[in-house]
Amino acid sequence: MAELPQSRINERNITSEMRESFLDYAMSVIVARALPDVRDGLKPVHRRILYGLNEQGMTPDKSYKKSARIVGDVMGKYHPHGDLSIYEAMVRMAQDFSYRYPLVDGQGNFGSMDGDGAAAMRYTEARMTKITLELLRDINKDTIDFIDNYDGNEREPSVLPARFPNLLANGASGIAVGMATNIPPHNLTELINGVLSLSKNPDISIAELMEDIEGPDFPTAGLILGKSGIRRAYETGRGSIQMRSRAVIEERGGGRQRIVVTEIPFQVNKARMIEKIAELVRDKKIDGITDLRDETSLRTGVRVVIDVRKDANASVILNNLYKQTPLQTSFGVNMIALVNGRPKLINLKEALVHYLEHQKTVVRRRTQYNLRKAKDRAHILEGLRIALDHIDEIISTIRESDTDKVAMESLQQRFKLSEKQAQAILDMRLRRLTGLERDKIEAEYNELLNYISELEAILADEEVLLQLVRDELTEIRDRFGDDRRTEIQLGGFENLEDEDLIPEEQIVITLSHNNYIKRLPVSTYRAQNRGGRGVQGMNTLEEDFVSQLVTLSTHDHVLFFTNKGRVYKLKGYEVPELSRQSKGIPVVNAIELENDEVISTMIAVKDLESEDNFLVFATKRGVVKRSALSNFSRINRNGKIAISFREDDELIAVRLTSGQEDILIGTSHASLIRFPESTLRPLGRTATGVKGITLREGDEVVGLDVAHANSVDEVLVVTENGYGKRTPVNDYRLSNRGGKGIKTATITERNGNVVCITTVTGEEDLMIVTNAGVIIRLDVADISQNGRAAQGVRLIRLGDDQFVSTVAKVKEDAEDETNEDEQSTSTVSEDGTEQQREAVVNDETPGNAIHTEVIDSEENDEDGRIEVRQDFMDRVEEDIQQSSDEE
């Protein structure tokens, strides 16, 4: 191997060489490759491409030219790097989903939002867009400095005039050495309004600037969640902006829904987003999606359709998609740009200040250039005027001269002309000697004098120059400004939960005997008069019926207490919303019940962390327990123990209390005991409890409720055969915990055993559910008020083998208050006898007809007389029993 000549070998320490070479490389990447200039918002490769297009005359009014021709010209003259890097930069400037205001007008395949690459440069064509001309306008009027290209044979601009704020309009992104930039695009109208406000008030604050510039405006539209990230980025130059797709939930028939995505976040690859959704569905991380397809087209724009299973909650699925897929992502703002050739982190105001200063410089240099040109032209015109005034002498002098040089010198000496003036006279054509041409020269000269005065006035007064900048920016705003694409949604979105996407509304959750659960809007049911047939609430399976019902808000917690004394928790919206006739979904799909475990009580709670509330439990054997609500704030999906009891016992009911209530416990044989809650010592979550009521043989607890000490509430009793009544709470005296209680109704074959004992105010509605799935909604005020021992009046007519399975209270809403009360009318026949009364129950729910029931008045009167007699006998029997107990 031949040795290298000694003169070409330079021995250096490797550490020093690596340090210096890396610094040189790093500085080259920072200042000449990866970071944009704060003035025109362009990196060198983009600036060279646009300048090359301008030099080749590829303006919007000219035909397209091959991309390969553009790339080759730029690479050969200005950018000695790979042709693919130049082409990729040009392609990006042509993509309307990458640039808010594209700078290249491409023809052919220039890629897609799915990450598809552009066609080869030999196939595509390009030219400048109209707005690009504003970046290059006045570039030939000495408005910017030119520098040598890489080999010194060409000149290229160091910066473009940039007649609009391109740095913020189209944004920028790039990775340098030790730093990176990521600037979001903005709306041109808002940006120019911000620059105008800054020009009028240099001390303007960023908060005031944000009145003009709301926030980033992405080319793919979408949503921005909140303004806190925007404000932080504008104030410090760094911040995180939450972006979200625009998605709507559509009905697709048969009670099914679909999620349709029409806008996606900026820089999100649509194809990868769809793949991510499919992956989550395949891995069972998101449940309820049956189909996923991309229906995007040139006609419809972006359209990604996600079909949702009938029993799934589309809103919750959408929220999960936001959390786990690029449907929602963040844009990390890092506003680093080159300021005076050095990288600097800038905020919003600094970016606008530097741009405004650049525009003032451009306009000033352009004015100076125009002034020089105007003065030069005026100087020539002055020479022509002299020549016209002495035309004969001028001609004689020229004729006497032997050469052009002699003629020029003679003209200069004789008429005191400059070299340029003398040359202009020599170049003047004979036709300029006519009178008409003389008038034109005079007019042009006078116009030039006025123009020179205007230019000098601009240069003499900074405010006049600034107003010229404002006028030109306003003109650009009016020509190219457009409406915002990205919507900014205000609100706290930093820690999004499921309920943030779900409107808060009153709902009804029903649970069937075979553990099928669903939810419905409470407005599904309308108030009816007592005695009505009701509304079909669900189509139950064979031997199944609605066993429990509770009303709550979609944002409330639902605590599920089981017969085995365990507790589970769901949010209201987590229960699928289904049609009124749907049977629901198996409850085991929502909560993880153990074998042979049945839900005995559902209650709604807004704040599980409350220290002022308690839960009171009652078991079938008469055991009660009080426990702080906060003991149940952390419930796992597999549940926790809520109360312990003997094997032959089970949990009947749970109530939420304030700690100062009276406890009412009712039994199936119509016994009721009332005692102060304060007599119950708070116990731990897994404690057993104490005796609440002493039960007679064959009796069991069926109801638990609470009332205030001086309550004007009433005790509502409903029996299994559809009878009910109201009795004032104060008719039930306070007694010691553990007693046998007092009678609250007379049990006969006619009305049956008690199925519900609860307290009411008279301002609620009552929802009664039968084992056949029929639901009726009544105004509690329509139910008769009777004594403790009365049997009650008929609330709902039952068919064969039907019985009341559950009862729930519903708060009256505005819709029910506006409903017209259905009237029961009584008519008298011509012979004076009272005809049968007909109660018409109007079910206004769509798809249901008017139901008509015949009520026998004689039967009702007889029932009333029997109730009065029975009430008297029961009171006598109670007094005798009480005396025996006291003895």
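Cβ coordinates come from backbone N, Cα and C, glycine included.
Motif 'GyrA-box' is the annotation Swiss-Prot gives to one range among 528-534, 724-730, 857-863, and that range is 528-534. Around Tyr123 (active site, O-(5'-phospho-DNA)-tyrosine intermediate), the C-beta neighbours below 8 angstroms that are at least 6 residues distant in the chain are Gly108, Asn109.
With a 10 A radius on its CB, Leu84 (site 'Confers resistance to the antibiotic ciprofloxacin') counts 11 other CB atoms from all the protein chains. Following the DSSP three-state reduction, the secondary structure of Tyr123 (active site, O-(5'-phospho-DNA)-tyrosine intermediate) is coil.
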